Amino acid sequence: MYIERLQKKIGYQFANLDYLLQALTHRSAAAKNNERLEFLGDSILNYAIGQALFERFPQANEGELSRMRATLVREQTLAILARQFDLGEYMKLGAGELKSGGYRRESILSDCVEAIIAAIYLDAGMDKASERIYAWYQTLLDEMKPGDAQKDPKTRLQEFLQGRRLKLPEYEVLDIKGEAHNQIFKVSCKIETFTDIFIGIGTSRRKAEQNAAEQILLKLNK
């Protein structure tokens, strides 16, 4: 069953599959959708990441902790997790959202991740939800440092490469879909460290480039 593949990707098997199915349902598709779950999941995510940062950085002040948390729970970061799980393939969207490429939109993807967090919480409790969050965020948490959170992914990638006297990243717009007020950009990014080409998607060229850069940083564990 297709939903089994998703459960393997997120690392959790639901006792009550209805929670997961609701988490995957966008408001454009049904009255019983993931909006309330997204609200709850947002709170759970902020708590879990806040606790992790508090324990990992005993010397960091409140402002540094807040900035690091904001970086980890922002829409861009959640959308990257969503793409790692291929959530767009499993989401239930209305006809209009499907036509406009809603399954690629960062806001919809990030909301779905938060809804899944809430679904796990309702299915198995806070400990299990926190466990999954920490597993998904392991690399990002390990590499997070006070001060780095204020720098965007493109800046961090550029500084990483410059520090090793490597060529700067090459970005290229591959595709633009949608009307002027509702466009989806697809951008490629390549660096000499990898033969792979990384693809970023966003609602602007800048966001797409940031998305691609963040994927490279995850690959570099930086």
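The backbone N, Cα and C atoms fix where each Cβ goes, glycine too.
Residues or ranges marked as domain 'RNase III' by Swiss-Prot on the basis of sequence analysis: 3-125. In the predicted structure, the domain 'RNase III' (3-125) carries a mean pLDDT of 92.
In sequence order, N34, E35, E38 make up the list of same-chain residues 6 or more apart from D111 (Mg(2+) binding site) whose Cβ falls under 8 Å from its Cβ. Feature annotation from Swiss-Prot assigns Mg(2+) binding site to E38, D111, E114; the stated evidence is sequence analysis.
Annotation for D42 (active site): spatial neighbours V73, E114, criterion Cβ-Cβ under 8 Å with sequence separation of six or more. What Swiss-Prot records for D42 (among others) is active site, and it gives sequence analysis as the kind of evidence.
Residues or ranges marked as active site in Swiss-Prot: E114 (among others). Counting every protein chain shown, the Cβ of E114 (Mg(2+) binding site) has 24 other Cβ atoms within 10 Å.
Under the heading domain 'DRBM', Swiss-Prot lists 152-222.
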Helix, strand and coil totals (DSSP H, G, I; E, B; other) for the domain 'DRBM' (152-222): 27 helix, 20 strand, 24 coil
Neighbour tally for E38 (Mg(2+) binding site), based on other Cβ positions within 10 Å of its Cβ: 20
DSSP residue counts for the domain 'RNase III' (3-125), split into helix, strand and coil: 89 helix, 2 strand, 32 coil
